[in-house]
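**Q** Input: one structure, supplied below.
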């Protein structure tokens, strides 16, 4: 132990030197001022009252319903008519133009503000008229309160719920309470449209990691290099070095002691900032997250990467200025490599990643995250693009579904990548082998269709407000036929309107168009949802293989629907909406997402809860709850035919089987399948094939019974993919991944292994997995190499 005392004394002297640095005290004062500025921040929960633009989930439907409430005399005494006629005059003027056939665009903020104006004056409300609406339990309870039992906030909350009940299917589901930030006891002007649980997720996954990354990963590292760059050159001064070497010390241990002492600057700053943020988060925001304290060693570790460069540069050139300059150049190199890597990830790898698949006979089709559609060419061992993938494209391609062994159907929504309504109506496209897989238009799809699903004889079109159904035969018969009757009606109505004449025909035509804008079924499709069944986010639909049973998850409610029987024959009545067999309300908190799947007599529901819920198909009673391992979340879940099995893709990008034991009736989640880095999974019932897309665009086809490999698709790399794999990939591997340490910090603070960047409501979640060990190992190796080089150079060089 005595042998280490000289080196401990050197480290202690480095702490003293750091404390005597003026820059350190400037940094201290800046940290204290920052913490002092953050300390008054607090929060409180309040009822969610006002509408925000993000609350509008289906703007086209909202515009159409309000326009119909004004233009259609039959709706004047309906809830939506009452609301539409109570809106501000300028908004009503524009809505009348919509009812007359003009293409009037509304900003969501305009619609939200106009609805907020109704919260103050409820003269539009009529209790008798509102009896026809589907009222939530919260609204029923508030309606029972007397005038002396309700305050202003609750009154506005009740008014909002009444508006939501009158205009169903257009608003995002929001929690009853939302977070309001305060500062010095005063409310911030904007409220968060999230509940406390979501607020904590936002705080731990985004806000705190971002603050730490910028303050500790950039500002303090730069300041630390400015202060510590002179430590090594000062040590090499003849008098100072000779005095140190006059003692029985090892040169390389002396250098390492100076290196550790140099890290004292950042350590003293980091420990104050992190502990301060921890106390503020706990005392002011009720977030006692002890994992935040683990950021102290990680932040010092980030500085050590740069300081190892400064140490070697200081040894070689004996100049603090050159040490700072070389370290800054090294930092610039890391930024450039990170930007190039991010460019290839965003514009080369991501657009080619498969997110949906389908099989028609022996043909395999896939859509990509770049909204392209591809077909596998067996002879060329390559994906042939039917629609090109684009990193910045505006169109959206619906997931293809097979209607027989040589035909698939899909749709291209022009301008629909960020807007489910696109730039107008869009047709169902039929691609078959006889026409060399060229697309031919068929039936006009309902507006804002987001998902297609095929069963034995039916095709379902699901949008944000309803579900429509058609037969495969109707789709085949409509191929190539002119399907522009709606557009023709639109044009004739516009002509009549502009000429000043009015008649019943054009008015009915525009009312039909408004109904289409609201997501109503088009020619050839039939709406199957009852009028009192609403689709509210988060929503998910499960359909059995026969197509005669549908399970719907909307908001917090699980519903079982079946075709309505004919009174005469007892068989399903054609053209009639399906009826609700039973419902089940789940939990108190609204989940962020949901996946439904039906297999045999079991229904699987996967939400943001860390468990899988299984229900009986006939009664919707819960039968099992299966926890997910290692704090994983669900990316997607599919049914494995009628075998009472499910395939579950989790956030570690692995696929596991959820299986029911026939004897014990217990559900168990099996070990992950061999495939790693899985992008998506899909099931083809006709061929009993499980499709697993992994490693960007590779696909494995497995037998659903044995889970053995039937076929694998391994496409050749494109030129840019080759550059990414053989040039950019190795370059990123040998470069210390300091920017990726931000992911390590985010994983530590949040306790999650991945971050959700995009959630397709009817498809797999797009996740970014935090790189936790890779950047740590990369940076550790880099520090070890540079310190070893520095020690060898210092030991063998005569200074």
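Glycine is treated like the rest: Cβ placed from N, Cα and C.
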**Q** Among the residue ranges 152-178, 179-205, 206-232, I'd like the one that TrEMBL describes as transmembrane segment.
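**A** From TrEMBL, the annotated transmembrane segment range turns out to be 206-232.
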**Q** Restricting to CB pairs under 8 Å, which listed stretch, 23-43, 206-232, 292-315, 321-344, is in contact most with the transmembrane segment (776-795)?
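**A** Of the candidates 23-43, 206-232, 292-315, 321-344, 292-315 scores highest.
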**Q** What same-chain residues lie close to the transmembrane segment (23-43): Cβ under 8 Å, and 6 or more beyond its ends?
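**A** Hits for the transmembrane segment (23-43): 179-185, 199, 215, 220, 223, 226-227, 265, 268-269, 272-273, 276-277, 280, 284-285.
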